[in-house]
Structure formats: C-alpha cells, structure tokens
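So that you can see what the record holds, here are the features copied from Swiss-Prot:
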type	residues	note
BINDING	22, 23	phosphoenolpyruvate binding site
BINDING	91, 120, 121, 122, 123, 124, 305, 327	UDP-N-acetyl-alpha-D-glucosamine binding site
ACT_SITE	115	active site, proton donor
MOD_RES	115	2-(S-cysteinyl)pyruvic acid O-phosphothioketal
C-alpha cells in the first residue's frame with residue numbers, strides 16, 4: 001500500500017471492531033523464545049510488523065501455525081543471529097536479545113530499524129542486560145552479547161522511563177538467578193499484558209503496571225495460552241475520526257480503562273462518551289470540537305502515539321490549542337502536510353500551536369511515519385475535495401485493515 005485516494009466531506013458513523021495491540025503482540029511473540037513449551041496466543045493483529053516478527057522467529061527455528069490465534073513451539077531454536085534484512089525492518093527486533101540471552105546465553109543481532117522518529121537509543125536496553133551480567137560488544141552496527149551461566153538478578157534503576165527497555169529487562173530477568181527489581185519502570189498496559197503472559201508460562205513477576213516491577217527468576221518456563229489486549233491507540237484513532245468529522249462511533253472489543261486520558265480530552269473537546277466493559281461510544285454530532293491543550297507523558301499520561309491525531313482535531317476546532325511532545329523529538333514532521341491542507345499550525349520548540357479553522361482543503365500529502373499516515377487519511381476524510389495520501393506503506397505496520405474499517409463507517413478510500 002503506497003498511495004491512497006481519500007474522498008472528503010465525510011461524516012464518520014458506525015461500529016468498529018478493534019484489533020489486538022501491536023505493542024503488546026510484538027514483544028509477546030519474541031518472549032516465546034524463553035520457553036520450550038507449546039504456546040497459543042490469540043487476538044494477534046494482521047500487520048506487516050507482526051509478519052516480519054514471525055519470519056524472524058521461524059528463521060531462528062521456531063515452529064508457528066495459525067493466523068489470528070497462533071500455535072508456537074520454540075523448542076527447536078538453533079540459530080542465534082537473525083539476518084539483517086529482517087532485523088532492519090522493525091525496531092521491535094531488539095526484543096529478541098533478552099530472551100535469547102536468558103535461555104541460551106548468547107545472541108547476535110544487528111541494530112534494529114522501524115519508524116524514524118527522532119533518536120530512539122537502545123542504550124537503556126543494553127545497560128540493563130549488562131547489569132544482569134551480560135557481556136555486550138557493539139561493533140559495525142552489530143550487538144554481540146553473551147553470558148557465562150545464568151544472568152544474575154539485580155536492582156536496576158532506570159535512568160529514564162522506557163517501555164522498550166522495561167520489556168527487555170523484564171524478559172531477561174525471568175530466567176535469571178535470583179530476584180530483579182526494575183525501578184522507574186514503564187507502567188503501560190502493554191507491560192501488564194506481557195507480565196501476565198510470562199506469568200502464565202510460570203514466571204514470577206509482580207508489580208507490572210506500577211513503576212517498580214519485581215521479577216523472581218525461575219529455572220524454566222512452560223507452555224500456556226494467552227489473549228492479547230486490544231489496541232488502545234487504534235481505539236483512540238477511531239474515536240478521533242468520529243470526533244473530527246462530527247460523527248458518532250462505537251468501538252467494540254476494546255478496553256476503556258486503558259484510555260482514561262484520551263477519553264478525558266475528547267470529553268473536554270465536547271464529545272459525549274459512554275463506556276461499557278469492552279466498548280466505548282462517542283457522539284459529536286452537530287458540534288464543532290473545542291480546542292485542547294495537551295502534553296504527552298508516559299502512561300498513565302497522554303500517549304505520544306495519539307498526539308498527531310489530536311493535532312488534526314485541534315486544526316479544525318474552535319479556538320487555539322497546543323500540544324507539547326515530551327517523549328520523542330522530531331515528531332512534528334506531519335504538521336507540514338496538515339499546513340498544506342490549510343491548517344494554521346506553528347511549531348515552537350517541542351510544542352505545536354493550532355489555530356482552528358472550520359474546514360481543511362484537499363491536497364497531495366506525504367506521510368512520514370505510522371501515526372502520521374493515519375492522521376493524514378483522517379484529514380482527507382474530513383477535508384473539502386479529494387486528497388491523495390502518499391507513502392502509506394507505514395500504515396500497515398500498525399493498523400489492521402484501516403482503510404476498510406474507515407470505509408465501513410462512511411469513508412471512501414481507495415488504493416491507487
């Protein structure tokens with residue numbers, strides 16, 4: 001998927017079924033390396049990043065069958081250096097390192113790829129593994145890691161909150177000798193889901209979801225069954241789609257408690273919101289949204305992966321709104337494309353200032369990353385005229401059947 005034709009002036013109404021969380025599914029797939037037992041994992045989204053992860057696992061010797069529910073057997077792993085052409089495609093491939101080290105005592109991987117959003121250093125991953133006793137050499141863009149015997153449990157104080165590094169350390173510590181404490185850990189729902197999965201296999205992890213996670217190392221893990229949590233970012237994206245178009249939507253198979261900050265901001269913008277056990281209903285019919293002031297922050301704060309979508313919302317809202325990005329630098333590239341569509345946006349350091357206008361205009365735009373792709377497609381849906389969104393190959397990395405789902409609620413999107 002390279003280029004999309006998006007018809008504008010659409011009001012988006014209807015029902016959407018939310019897919020499994022990419023940000024939980026990817027690390028969980030790599031965590032299967034930790035055990036010889038047979039595993040079943042359900043609610044796996046059909047995404048290019050997921051498919052690349054599966055190819056990586058198969059290359060290592062993992063046996064995988066199924067589609068949305070996968071049966072995985074990692075008992076026959078016999079390769080410890082995945083190929084560059086796969087590693088380079090997704091940044092999540094760094095999560096292979098901890099499980100290989102913990103179970104086999106060795107791993108060699110090239111520096112990973114993925115979305116180009118500023119600087120995303122892996123120092124915290126490597127420092128954590130070093131503190132657990134691993135020897136790590138970094139040369140020619142390749143990480144060569146090994147440990148004699150088992151990794152050793154340790155108290156680890158994270159220099160800064162990092163979801164990725166928390167996952168790496170937690171997975172490696174699962175099979176370490178002794179206990180590990182991760183202080184200043186990330187608290188995201190995906191961390192909780194990964195810990196739940198590992199505990200299902202026999203790990204001893206408590207505290208996931210707080211800033212202090214305690215892992216008591218075990219000798220080995222067994223098999224088990226797990227259901228991946230819903231994708232909170234996909235949910236938030238569809239809620240913004242309805243809000244920005246002055247429509248109404250019900251998101252099914254989702255988890256409202258994972259979106260507290262997003263729902264608060266949508267309510268502040270004027271949306272009527274109702275929630276149930278696994279659904280969220282938003283109604284913005286006949287109302288132009290009110291502008292919002294937002295600051296991204298680690299969970300339970302406002303998610304960085306939703307700031308582009310809310311920048312779109314601010315662009316067509318009443319008043320002047322601001323969004324301050326505190327997680328990643330260089331994450332405002334998409335704003336130049338919204339400006340091309342008529343948005344009045346100024347950037348000041350790590351803050352964007354949006355002066356809302358009633359209507360965007362169609363244009364030929366280019367997406368720079370995953371969330372920018374979704375945002376520009378939504379912008380095309382509500383703008384006047386026909387918008388062409390280029391470089392949408394990013395989209396299938398993190399949204400399952402996004403154009404198809406939008407078309408079901410009133411959009412008219414075609415692959416060119």
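For all residues, glycine too, the Cβ spot is worked out from N, Cα and C.
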Sequence gap of 6 or more, Cβ distance under 8 Å: name the residues on the same chain that satisfy this around residue 121 (UDP-N-acetyl-alpha-D-glucosamine binding site), in order along the sequence. none
Look at each of the binding-site residues, 123, 305, and point out the one with the fewest other Cβ atoms around it within 10 Å. 123
On a simple 10 Å Cβ count over all chains shown, which one of the binding-site residues 22, 91 is most densely packed? 22
As a test of the contact definition, list every same-chain residue at least 6 positions from residue 23 (phosphoenolpyruvate binding site) whose Cβ is closer than 8 Å to its Cβ. 163, 188, 190, 231, 233
